[in-house]
Structure formats: structure tokens, C-alpha cells
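Enquirer: Just lifted these from Swiss-Prot, have a look:
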- Lys113, Ser114, Thr115, Tyr116, Ala117, Arg118, Gln158, Tyr172, Lys181, Gln182: dCTP binding site (BINDING)
- Glu139: active site, proton donor/acceptor (ACT_SITE)
Amino acid sequence: MGIKEDNWIRKMAIEEGMIEPFADSQVKLHPETGEKLISYGLSSYGYDLRISREFKVFTNVYNSLVDPKCFTEDALISIVDDVCIIPPNSFALARSVEYFRIPRNVLTVCIGKSTYARCGLIVNVTPFEPEWEGYVTIEISNTTPLPAKVYANEGIAQVLFFEGDATCDVSYAERQGKYQKQQGITIPFV
């Protein structure tokens with residue numbers, strides 16, 4: 001299983017719609033204002049995805065219990081903004097700007113960007129399995145005792161694409177994975 005390079009990622013994004021919208025290079029400055037950004041777009045061996053303006057932040061207003069088998073949105077407040085302030089030692093869900101369509105012979109691994117990691121924000125994204133498609137639900141943990149700011153429409157994590165030595169027998173789409181074609185921030189369900 002080998003990691004795929006920028007030329008392959010570009011070709012698959014342009015010809016097969018693997019990533020939409022697709023930034024063909026690392027974007028480090030806002031195209032209109034020139035303001036510095038947390039980079040996103042194509043890199044040497046991956047693609048830095050962006051976080052959208054949609055966030056769901058954990059709150060304890062209703063004294064909810066977090067149960068992955070019976071999750072309730074009472075534990076979350078929805079935010080649509082250019083920034084999201086994650087409270088100390090708290091957690092947020094978000095979604096990617098980009099929509100992904102993963103080929104049958106590819107598996108991805110997603111790693112949080114070092115800019116956020118060095119601020120105590122840990123980004124978790126589960127692998128994109130063969131033939132999975134949708135917007136990515138992104139999990140962000142603020143491990144610090146301070147509030148932390150996350151910027152919408154800027155880079156949040158890097159996606160690495162690995163091509164299998166052989167094609168899998170059953171893809172995510174064929175086994176009717178529960179998060180197939182997710183559109184917004186998708187909460188857990190069993």
C-alpha cells in the first residue's frame with residue numbers, strides 16, 4: 001500500500017471529482033485581502049482540507065450524558081460563523097468545505113495540522129474508506145485550560161491517500177456504510 005503524490009491527487013480531483021472544490025496548490029494568503037491563512041490545498045503527498053462555517057460545540061446546559069449508542073443533540077449548540085471559540089477542555093464537531101469521493105482501491109488517513117496541534121487543539125478524523133463519499137465530519141478537542149479559536153474556510157487537517165495493493169472485496173458503499181454521502185455535521189448513531 002503506497003502513499004499517493006500530488007500529481008495523482010490533482011489528476012483524480014480534476015478528472016474524477018475526488019475533491020470538490022479543489023485547490024491546486026497550497027493557499028497561504030487570502031486571495032482578496034492578502035491576510036495570512038492557515039494553509040489549505042494540495043501538498044506534496046496529501047491535501048489540506050478546510051473547515052466550514054458550521055460548528056457544533058459541546059455544552060452542559062441540559063446536563064446531558066454523552067452516549068454513542070443514544071446520542072442527543074441536547075449536548076450541542078450550533079454555530080455558523082467565521083470563527084468558533086471552543087471552551088477550555090471541551091470539544092467541537094465541524095465539517096469540511098470539500099466534498100470527497102474516494103476511489104475503490106484507496107483508503108485515506110487524516111492528520112491534524114501542526115499549527116492547531118501546537119496550540120493544544122487535537123483534530124481527529126476517521127479514515128475515508130474505499131468508495132466513501134461526502135463532507136467530512138471533523139472532531140476537534142481543546143486540551144488546554146483556555147478558550148481556543150478555530151478559523152472557518154482555512155486549513156484544519158491533511159488527508160493522506162493510500163492506494164491498496166489489490167482492490168477490496170466489499171467497499172464502504174456496497175456495505176451501505178451509515179455515514180455514506182453525509183451532507184452536514186453528522187452526529188454519531190448506531
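Just so you know, glycine gets a Cβ as well, placed from its N, Cα and C.
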Enquirer: Rounded to a whole number, what is the top Cα to Cα distance in Å among the residues the record ties to dCTP, namely Lys113, Ser114, Thr115, Tyr116, Ala117, Arg118, Gln158, Tyr172, Lys181, Gln182?
Expert: 34
Enquirer: Highest CB neighbour count within 10 A among the binding-site residues Lys113, Lys181?
Expert: Lys113
Enquirer: Need the DSSP three-state call for Ala117 (dCTP binding site) to compare against my parser.
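Expert: DSSP assigns Ala117 (dCTP binding site) to helix.
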Enquirer: Quick one: what's DSSP say for Lys181 (dCTP binding site), helix, strand or coil?
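Expert: Lys181 (dCTP binding site) sits in coil per DSSP, no helix or strand.
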